[in-house]
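Enquirer: Can you read through this structure? Questions will come right after.
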Ligand SMILES: NC(=O)C1=CN([C@@H]2O[C@H](COP(=O)(O)OP(=O)(O)OC[C@H]3O[C@@H](n4cnc5c(N)ncnc54)[C@H](O)[C@@H]3O)[C@@H](O)[C@H]2O)[C@@H](O)CC1
Ligand SMILES: Nc1ncnc2c1ncn2[C@@H]1O[C@H](COP(=O)(O)OP(=O)(O)O)[C@@H](O)[C@H]1O
Ligand SMILES: [Mg+2]
């Protein structure tokens, strides 16, 4: 198992080319946030925005529109009942997040089944939260051509893999992952998060208990999306996102007993500036 260090940030986070525009830095679509869990969608989309995605859209229950725009008017909003607008936005997105606060009702399951098959090989989809619980309930590996990144916490992985938490060893996790398409990345969230792709296994070295607050994983999905939208290569971008997320939590916890996801999100542009590649 390889340990992730701060070097991953320097290798992934490049200075922005001056000859550029918002399209240069990628389009992220976040499909998340039911009427009950609206904050999850807002945190995921806000994290993508502040990680630097060029264009970010949230598709969510319409009750969340005003709350989103009171915080970040930069993020576009789609009512997730609007099939035709959702389809148009899906096909033009580089990275799609689906699942944070989606809920597990029939509508959520139908939405998940509509979105995943519409994605192409060029796209990346980050599957999190309720979407993972739904896939576990229906015993399904998704029907999608997009590269998948799964971001379960240990209980969500238990549901999906049938491995109880004490049985989630490296070998057992790799065996389960073999049933998924070859390029699938597993981000198994815990105190020291593990990242799997085929025979590669990485372990995060940052992160503190002050981060154990609802919404912290929703936030990570947006950071992964923002990193991939800009820096493309999914595996290094995911490793950098996991490290950056926990580094931000750790930095804030130097002077705070607990850390809120919204505080962590606000810190991202500063840490990216500090840790970017300065060799050129
Ligand atoms: N403000 C919001 O809108 C929030 C929405 N959320 C959404 O709520 C839905 C349900 O997710 P939850 O994760 O709360 O509920 P789940 O029922 O899926 O899982 C939570 C349970 O798993 C257990 N667990 C075991 N190991 C764990 C680990 N390493 N990390 C975390 N939990 C572990 C915990 O004891 C906890 O009771 C998801 O769609 C999620 O995205 C949550 O993120 C909370 C905040
Ligand atoms: N004690 C801890 N130490 C380090 N990181 C933690 C700790 N508790 C939670 N985290 C991090 O916070 C995130 C929690 O994700 P998740 O449980 O999906 O949250 P939510 O669904 O509430 O948004 C993960 O990235 C996890 O690694
Ligand atoms: Mg979660």
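Using N, Cα and C of the backbone, Cβ positions are placed for all residues, glycine too.
Automatic prediction, not curation, is the source of TrEMBL annotations.
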Enquirer: Using only what TrEMBL says about AMP binding by 189, 190, 191, 192, 193, identify which of 215, 217, 222 is listed for that site too.
Expert: 217
Enquirer: If H, G and I count as helix, E and B as strand, and all else as coil, what does DSSP give for residue 193 (AMP binding site)?
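Expert: DSSP assigns residue 193 (AMP binding site) to coil.
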Enquirer: Which site among 190, 193 has the most other CB atoms no more than 10 Å from its CB, taking these as binding-site residues?
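Expert: Top count of Cβ atoms within 10 Å goes to 193.
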Enquirer: Check the Cα distances from residue 40 ((6S)-NADPHX binding site) to each of the binding-site residues 189, 190, 191, 192, 193, 217 and keep only the ones within 10 Å.
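Expert: Final answer, ordered: 217.
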Enquirer: Could you check which of the binding-site residues 101, 153, 218 is the closest Cα neighbour of residue 190 (AMP binding site)?
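Expert: Going through 101, 153, 218 one by one, the closest to residue 190 (AMP binding site) is 153.
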Enquirer: Any idea what DSSP makes of residue 101 ((6S)-NADPHX binding site), helix, strand or coil?
Expert: coil
